[in-house]
Structures are given as structure tokens and as C-alpha cells.
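Report on the following structure.
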């Protein structure tokens, strides 16, 4: 019941964010374009894991077919990686808005925004396809050699993970260096409020990833189950609240959307 409620809140909350951005012309900007894509990814990543777990819980089963398992792994890797890629693109968008405000519209053109998202989708899909094909080559329930799989996880997976993370760190390093040069405290508060929601989501996302790697074990346990379920649930669930509660534009758009309906 708890996970069903959280899943429904996740879907409804992120759908409201997408509808609010789509219906309000004032929000047709690069920042909100990326936010709408992020909400879409959060709906998808929740829908990869939670419905199957809920169905298994209802019917009292713990099984999953081989084909379903492969599909679930492919889409989970795709949307999980897309999440971090979008966060890095949003960090770059904040960097351009704060450090190069006079050239923002020239740099963040609609074509570039679409291109960054399209490239992110291409990279994440190819990465997920690589791992899925390598996994499919292993013999089911056997002691197959997993050296190539492990090598790809640590090399390609590490590159996919560290590249967006480095982009986020570098972007915020430039942002904070620019903030420290601002003459007024009001300007500093305005900049920090602009980045606050994004920083919160980034911290939560990477905190969950660290939690998965720190607390998961090689043997199956209830704790491992909780950890693996929390990852596709918590961030997608709190994302609408973080961006709506701390953003006047989103709150205004949601209010207009509700009154219009």
C-alpha cells in the first residue's frame, strides 16, 4: 500500500510539472525544457521497477521471466543514466545563465537544447544496450565467466557516471566563483535560490547511489530489497515537491493549470 501510494504520487506529481510547463508559454525556456524531460525520465524509471514489484506482492510471487528481466535491466540503465545526464545539462544551463547572462539566449538556443538531450538519449541507450547484450550472452544459472561484463561496468560504466558528475562539479565551481564576486547579498541570494532546487536533487541522487553501493551486500537480504526500491522511488517522488515549493514560476503555472481545469 505504501509503495503504491508513493508510485501514484510520483506519476501525478511529475505529470503536473510536465503539464504546467507545457501549458504556460512563459515556461518555454531551456531550464524548464530540461525540467520537463527530467520529470518524464522520473516517471519512466519509477514505472520500470515498481509496477512489477507491486504485482508480485499482490499475487504472492517473487519470480520474473528472463525476457522481463532483460527488458527491466535495459530500461533501468537507460533512464538511470539519463537522469544524471539531464542533471549535468541543467548544471551547464545554470552556469551559462549565471556566468554568461548576456550571451545566454545566444548560447542556449533551442537547437542546442534539443541536441544535448538527443545526444544524452543516444549515449544512455547505447550504454544500456551494451550491458544488456553482454548479460544475454551469459548462460542462465551457470558459472559463466563475467570478466568482460565486470570490465565494462568499471570502465564504460565509470566513464558514463563520472563524465556528468565532473560536468556538474565544474559548472558549480564556476558558478560559486562568480557568486563570490557579486557586490550585493541580494544578488547572492537570488543566484543561490536559482540553483537551490537543482543542488538538492543532485545531492539526493548521488546520496542514493552511494547508499546503494555502501549498504548492498553480495547475499540477498531484506535491506538490499529496500535499498533497490528506494532508488527509483525517492528522487522521482520528491522532485515535483522540490521544484514546485521553491519555484514561484512553477507554483504559478500549477495554480493556473488547476484553476483552468
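These residue numbers are counts, starting from 1, taken along the chain as shown.
Including glycine, each Cβ sits where the backbone N, Cα and C put it.
Keep in mind that what you see is a predicted model, and the values were worked out from it rather than measured.
Residues or ranges marked as transmembrane segment in TrEMBL: 6-24 (among others). Here the transmembrane segment (6-24) has Cβ contacts under 8 Å with residues 32-33, 35-36, 39-40, 42-43, 46-47, 50-51, 54, 233, 236-237, 239-241, 243-244, 249-250, 252-254, 256-257, 260 of the same chain, all six or more residues outside its ends.
Annotation source TrEMBL lists domain 'G-protein coupled receptors family 1 profile' at 13-243.
Away from its own ends, the transmembrane segment (31-51) comes close to residues 3, 7, 10-11, 14-15, 17-18, 21-22, 72, 75-76, 79-80, 82-83, 86-87, 89-90, 93-94, 97, 113, 117, 228-229, 232-233, 235-237, 239-240, 243, 249 of its chain (Cβ-Cβ under 8 Å, at least six residues beyond either end). The transmembrane segment feature in TrEMBL is assigned to 31-51 (among others).
Summarising the annotation, TrEMBL assigns transmembrane segment to 71-92 (among others).
Residues or ranges marked as transmembrane segment in TrEMBL: 112-134 (among others).
The transmembrane segment annotation in TrEMBL covers 154-179 (among others). Within the same chain, residues 81, 84-85, 87-88, 91-92, 94-95, 98-99, 123-124, 127, 130-131, 188, 191-192, 195, 199, 202, 206 sit at least 6 positions outside the transmembrane segment (154-179) and bring their C-beta atoms closer than 8 Å to a C-beta of that stretch.
Residues annotated as transmembrane segment in TrEMBL: 191-214 (among others).
TrEMBL lists 226-245 (among others) with the feature transmembrane segment.
Averaged across the domain 'G-protein coupled receptors family 1 profile' (13-243), pLDDT for the predicted model comes to 86.
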